[in-house]
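Participant: Can you keep this structure in mind? I'll have questions shortly.
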């Protein structure tokens, strides 16, 4: 039975298979359930696409997630969002015909650059804010903004930034969002606290990315997930000397408004776009590449703060820690026959 009622086009699905429409070339990437191929249109010679090929057997039980991703991508048409052009639902595989993006990941490109300034970082964040603001205006929350999902469109020096991977995205009309999801280090406090949340979680993630763009290392880091989450929930980060001494006060103010623990007080995308660090000329223009690149290389090598994770399982772990902590406290109270202050659930 087909997963999808129709292709991306307005008419009924054609009888032609994807391989009658496209020539498949090299494998661009491989995931747990899919491969991405370079493909050329047979009707428009030289027009190249990225085709995501998803095995239906591996997809079993996850159909709703894929349907959601396709629904979101069909809804979004923006200069800084990777486009979905077509879908093919065939016997063994589902195919997504996507815009081809060849410029590489954000942080890898910064490391390879010869020079890099605070103003460059401001321009990058502006593009992300414009795209995410467009998503939010259309009722879509990405929920997994991180450097790996920010790609350069091509190899040109002035290439635009593209947002990709909408696998965890959700539309506001699909109900209250409370599912724990995202990536360690980039997830907002309210998600970890299991509170209902909305668009503000994306703004927090942009704040984390902006922080890293200006120093090369993440604002929150710990080998222990429990400690990492405790830092995030409390909003415990610093603008460390000497690395932040060369960064403008305007940039620090901007980040503080994005990484605000209270989602109600946190900037919206429009608020952020109006901040002088984005809309004015307060971003410094001196070269910070040396410092940023050194730290980025170290951070990228660790990969611990980049890995994907099962947030629901992580939160269950934190709940167990809390229960264990409370149990130990009660046992100690009983043995000493005197009150004792509560043990905190987290340790930063």
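Backbone N, Cα and C define each Cβ position, glycine as well.
Bear in mind that the values here come from a model prediction, so they are computed numbers and not experimental data.
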Participant: Looking at Swiss-Prot, 28, 29, 30, 31, 32, 33, 34, 35, 36 are annotated for ATP. Which of 21, 42, 52 sits in that same site?
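Facilitator: Looking at 21, 42, 52, the one Swiss-Prot places in the ATP site next to 28, 29, 30, 31, 32, 33, 34, 35, 36 is 52.
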Participant: Pick from 17, 87, 179, 282: which does Swiss-Prot describe as phosphothreonine?
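Facilitator: Per Swiss-Prot, the residue annotated as phosphothreonine is 179.
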Participant: Around the ATP site formed by 28, 29, 30, 31, 32, 33, 34, 35, 36, 52, which additional residues qualify by having Cβ within 8 Å of the site's Cβ center?
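Facilitator: Other same-chain residues with Cβ inside the cutoff are 53, 54.
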Participant: Least buried of the binding-site residues 32, 36, going by other Cβ atoms within 10 Å?
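Facilitator: So among 32, 36, the binding-site residues given, the one with the fewest Cβ atoms within 10 Å is 32.
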Participant: Going by DSSP, is residue 28 (ATP binding site) sitting in a helix, a strand, or coil?
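Facilitator: Reduced to three states, the DSSP call for residue 28 (ATP binding site) is strand.
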Participant: Within 10 Å of the Cβ of residue 30 (ATP binding site), how many other Cβ atoms are there?
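Facilitator: The answer is 10 other Cβ atoms.
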